[in-house]
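Worksheet: one structure, shown below.
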Amino acid sequence: MLFSFFLLLTCTQLCLGTNRPDYNDDEEDDYKPPVYKPSPSKYRPVNPCLKKPCKYNGVCKPRGGSYKCFCKGGYYGYNCNLKNACKPNQCKNKSRCVPVGKTFKCVCRNGNFGRLCEKNVCSPNPCKNNGKCSPLGKTGYKCTCSGGYTGPRCEVHACKPNPCKNKGRCFPDGKTGYKCRCVDGYSGPTCQENACKPNPCSNGGTCSADKFGDYSCECRPGYFGPECERYVCAPNPCKNGGICSSDGSGGYRCRCKGGYSGPTCKVNVCKPTPCKNSGRCVNKGSSYNCICKGGYSGPTCGENVCKPNPCQNRGRCYPDNSDDGFKCRCVGGYKGPTCEDKPNPCNTKPCKNGGKCNYNGKIYTCKCAYGWRGRHCTDKAYKPNPCVVSKPCKNRGKCIWNGKAYRCKCAYGYGGRHCTKKSYKKNPCASRPCKNRGKCTDKGNGYVCKCARGYSGRYCSLKSPPSYDDDEY
């Protein structure tokens, strides 16, 4: 054990050396530690950082056979023995520090000044009235004013004293310094102008000026024009001695002399009289009314209410004061305002023995009760009608009685005397033989086409002039 310690001590002295020159920490460090290359040995070399060569808390890192110092706190040099005057940076307000020998110099910016750039041209703020200070160059500044203030330090207010005349209101303007808002009637940069002085309106018109430097004239009744220079009654528009006066709304009215009318008294509506048949003309200003004598009517009494006779069927016409101007006295049973309604012959009950009377407006017919016949149902029927008594036609067949015999007209699908036999005969209308909207009707052994208006022929295929009667075949 003692032998090993001796060998270690000998190796330490050999590797590190004992005659290292001394150095002053305040001087430039030119010392370079030697690089030792010991001969191969079975013993490991000693770490060069064990003697802590790095000053002021520098961190030592071995590098091959030597070491390297990583300095802290503004120190530099191979062994961190030299001091950097700019670390830490003592210059204020983000200014740049420049080392000068063992001391330093501050390069100021943004309006800062002083040894450490600790002062600023905008602190305290030299701008008055809430003006905003901005550094200008190294030692200068610029004030951005607000609220209508101007001047190098915002010490002057643009609206004090008020430059606006005639009760105009002053408002600060960032472009021109101020702006005037004039009351009605005044205009100009300082509200010094009034368009109504002197008054440009003639004939007692009232002038009203606006804030834009323009004016308008309110004219007295009867006067008009941009400056009330014209009069509605000059020259006089009323004819035939009519008197002109203003209507109060920019126009005129004419007071006409007797017998004349119209807007300018040019018309005498009753001369010559427009009323005929001794009717009396009444002047209504620009119009007239005719008062007609009895029996005449119309706007000019030119119509005789009874000529031509409005009463029909030999009725007699009499003038009266009704809305129509006449009244009809009907004869022969006719009725209505103009005797147009014919008498109903059924009112006299011409059908006897329970017969029913039917009137179509032209003639009447009697539908007799069973057992009676004739025009007025006065003749007895000696042979009973089997169509009524026994109803011989079956299956919706139609019974036809001619007074002597009957026959059955069977419905489609049935045949025989009494329509009791089924018939498989094809319906002739199934093929739609009738053209142009014609209506097909089965007639037992054939069919009949009832043509629409304007067509004719068996199949309604022929065009024909319009007729009130439809053709059947």
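Including glycine, each Cβ sits where the backbone N, Cα and C put it.
Positions annotated as signal peptide by Swiss-Prot: 1-17.
The annotation 3',4'-dihydroxyphenylalanine is assigned in Swiss-Prot to Tyr23 (among others) on the grounds of similarity to another entry.
As annotated by Swiss-Prot, 3',4'-dihydroxyphenylalanine applies to Tyr31 (among others), with the evidence given as similarity to another entry.
According to Swiss-Prot, the 3',4'-dihydroxyphenylalanine annotation covers Tyr36 (among others).
Annotated 3',4'-dihydroxyphenylalanine per Swiss-Prot: Tyr43 (among others), in sequence order.
The domain 'EGF-like 1' annotation in Swiss-Prot covers 45-81 and is backed by sequence analysis. Mapped onto DSSP classes, the domain 'EGF-like 1' (45-81) shows 4 helix, 12 strand, 21 coil.
Mean pLDDT across the domain 'EGF-like 2' (82-117) comes to 83 in this model. Among the features that Swiss-Prot reports, domain 'EGF-like 2' is placed at 82-117.
Neighbours of Asn93 (N-linked glycosylation site), defined as other CB atoms within 10 A of its CB across all chains, total 17. Residues or ranges marked as N-linked glycosylation site by Swiss-Prot on the basis of sequence analysis: Asn93.
Within 10 Å of the C-beta of Cys117 (disulfide bond) we count 22 further C-beta atoms, all protein chains included. Following the DSSP three-state reduction, the secondary structure of Cys117 (disulfide bond) is coil. Taken from Swiss-Prot, the feature disulfide bond applies to Cys108-Cys117 (among others), supported by sequence analysis.
Only residues 6 or more beyond the boundaries of the domain 'EGF-like 3' (118-154), in the same chain, are considered here, and those with a CB under 8 A from a CB of the stretch are 92-93, 108, 110-112, 171-173, 177-178. Annotated domain 'EGF-like 3' per Swiss-Prot: 118-154, in sequence order.
A coil conformation is recorded for Cys154 (disulfide bond) in the three-state DSSP classification, outside any helix or strand. Sequence-distant contacts (6 or more apart, same chain, Cβ under 8 Å) of Cys154 (disulfide bond) comprise Cys127, Lys128, Asn129, Asn130, Gly131, Cys143, Cys145, Ser146. Per Swiss-Prot, disulfide bond is recorded for Cys145-Cys154 (among others).
Residues or ranges marked as domain 'EGF-like 4' in Swiss-Prot (evidence: sequence analysis): 155-191.
In the three-state DSSP scheme, Cys180 (disulfide bond) is classed as strand. Residues or ranges marked as disulfide bond by Swiss-Prot on the basis of sequence analysis: Cys164-Cys180 (among others).
What Swiss-Prot lists as domain 'EGF-like 5' is 192-228, and the listing cites sequence analysis. Residue counts for the domain 'EGF-like 5' (192-228) by DSSP state, with H, G and I taken as helix and E and B as strand, are 0 helix, 11 strand, 26 coil.
The disulfide bond annotation in Swiss-Prot covers Cys219-Cys228 (among others). Of all Cβ atoms in the shown protein chains, 21 besides its own fall within 10 Å of the Cβ of Cys228 (disulfide bond).
The feature domain 'EGF-like 6' is assigned by Swiss-Prot to 229-265. Here the domain 'EGF-like 6' (229-265) is broken down by DSSP into helix, strand and coil counts: 0 helix, 11 strand, 26 coil.
Across the domain 'EGF-like 11' (425-461), DSSP helix (H, G, I), strand (E, B) and coil residues number 0 helix, 10 strand, 27 coil. Beyond its flanks by at least six residues, the domain 'EGF-like 5' (192-228) meets 165-166, 182-186, 245-246, 248, 250, 252 of its own chain at Cβ-Cβ distances under 8 Å. With Cys419 (disulfide bond) as the anchor, the candidate recorded positions are Asn93, Cys108, Cys180, Cys330, and the one with the nearest CA is Cys330. In terms of DSSP helix, strand and coil, the domain 'EGF-like 8' (302-340) has 0 helix, 11 strand, 28 coil. Applying an 8 A CB threshold to same-chain residues 6+ apart, the list for Cys256 (disulfide bond) reads Cys238, Asn240, Gly242, Gly262, Cys265. In the three-state DSSP scheme, Cys366 (disulfide bond) is classed as strand.
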